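Here the structure comes first, spelled out in structure tokens, and everything after it is commentary.
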Amino acid sequence: MQTVIKNGTVYQNGRLIHADVLIEDQKIKAIGTDLTGDKVIDATGKLVSPGLVDVHVHYRDPGQTYKEDIETGSKAAAHGGFTTVGAMPNVTPVPDTPDLMKKMVQENKQKGIVHIFQYGPITKNETTDELPDYAALKKAGAFALSNDGHGVQTAQTMYLAMQEAKKNDLIVAAHAQDDSLFNHGIVNEGEKAKELNLPPVTELAETTQIARDLLLAEKTGVHYHICHVSTKTSVELVRMAKACGINVTCEAAPHHLLLTEDDIPKDNGYYKMNPPLRSKEDQAALLVGLLDGTIDLIATDHAPHAKQEKQGGMQNAAFGITGSETAFSTLYTKFVKEDKVFTLEQLLSWLSDQPAKVFGLKKAGVLEPGCPADVAIFDLEHETELKEKNYQSKGINTPFTGQKIYGATVMTMVDGEVVYQRGEK
């Protein structure tokens, strides 16, 4: 059967064009005008995008499925227009052996409704200095390496990890955090931490480890990717490293682009995340970094928690914010429609073809004949409200609930099959 998406504004090759998209046998067959098919999806007035790509999600499965599981996490991704995700390995048990990795990959495929690529850990159990067998993990299905949630504390361990990752052509995606400097902090170091009387987090906890790792990456030649950069100095370090030819890429998270420490209204656990919300100066530097290419892509760091884990004050709340279901619409509304900081084409690139390119996810994040029919359709014309009852994730831990947005997802297709349709829970 042939399905045609008619009369939409299609994002293709960095441009927006008025076109139809023809789908057959799970693939894009053609993009053009006056196309016909057995089934017609009317996209008049809608944006037709490649399925978005999020290289940073936490699905808590196995081990903490009361927070999220593969099924609900992938449904949340589809609700946000994402058709390809990278799942972090901070689950229980950590998939640090070939058998555990194979099992994770199989579970992702069986339970997920989007394409799920699985990270392997940089170190065994994510908290030791012992390296797993990277070659075996890659053979079992790992697409990259990360200890996300934990910084690699020992320089020698990271140096050895980068050497082995380079040998096996694996990206090292780092959560840059020196625990001795983080020192059980809660809120960015500054006036807000003083106002709330909460332990501060110095930016040095992030920047010193980035500086260390960039030198190690230069020495080893590994592809070093930095998760959720959040400070002005981090951006400056990456900018200098790229100018020196170091093989480094990095991502920014929607919440660090949209919010600052000044937006924390009170001691509210929904605003507790790691890295923490930073200063307005840091936020401005992230936006400049995106626009000048220092920051390569946007990734959500979707980190769901049970409601009770975010109640009360920030001191005892869990770190983390959901992002899969709110990323595109909140970013589009603020930075494209309202403030005109960047274009729709730029936003779509940072959320689709750029992450796919950086991580070598071939045929993801693009609409081209012969590629998988992974498609997202968004409504840019009508205002809607973000409501808890509409979330597909088990986690409702986001301060964006109640916000009026444009860019709600109308439909998401994976391999030509509808996996999300507005109005269906």
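Each residue, glycine too, has its Cβ placed from N, Cα and C.
These come from Swiss-Prot:
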type	residues	note
BINDING	HIS56, HIS58, ASP148, ASP301	Zn(2+) 1 binding site
BINDING	HIS58, TYR59, ARG60, ASN90, ASN274, HIS305, PHE319, GLY320	substrate binding site
BINDING	ASP148, HIS175, HIS228	Zn(2+) 2 binding site
ACT_SITE	ASP301	active site
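In the three-state DSSP scheme, ARG60 (substrate binding site) falls into the coil class. In this structure, ASP301 (Zn(2+) 1 binding site) belongs to neither helix nor strand by DSSP; it is coil. Look at the binding-site residues TYR59, PHE319 and count other Cβ atoms within 10 Å of each Cβ; PHE319 has the fewest. Under 8 Å, Cβ to Cβ, and six or more positions away along its own chain, HIS56 (Zn(2+) 1 binding site) finds GLY86, MET88, ASP148, ALA173, CYS227, HIS228, GLU251, ALA253, ALA299, THR300, ASP301, HIS302. The residues near the Zn(2+) 1 site, meaning same-chain residues not in HIS56, HIS58, ASP148, ASP301 whose C-beta sits within 8 angstroms of the mean position of the site's C-beta atoms, are VAL57, MET88, GLY149, HIS175, CYS227, HIS228, ALA299, THR300, HIS302, ALA303, in sequence order.
Taking the binding-site residues HIS58, ARG60, HIS228, HIS305 in turn, the residue surrounded by the fewest other Cβ atoms inside 10 Å of its Cβ turns out to be HIS228. Counted within 10 Å of its Cβ, the other Cβ atoms near ASP301 (Zn(2+) 1 binding site) come to 30, all protein chains included. Excluding ASP148, HIS175, HIS228 themselves, the residues of that chain whose CB lies within 8 A of the CB mean position for the Zn(2+) 2 site are, in sequence, HIS56, MET88, SER146, GLY149, ALA173, ALA174, ALA176, GLN177, CYS227, ASN274, ASP301.
Other C-beta atoms found within 10 angstroms of the C-beta of HIS175 (Zn(2+) 2 binding site) number 24, with every protein chain shown included. All chains included, 21 other C-beta atoms sit within 10 angstroms of the C-beta of ASN274 (substrate binding site).
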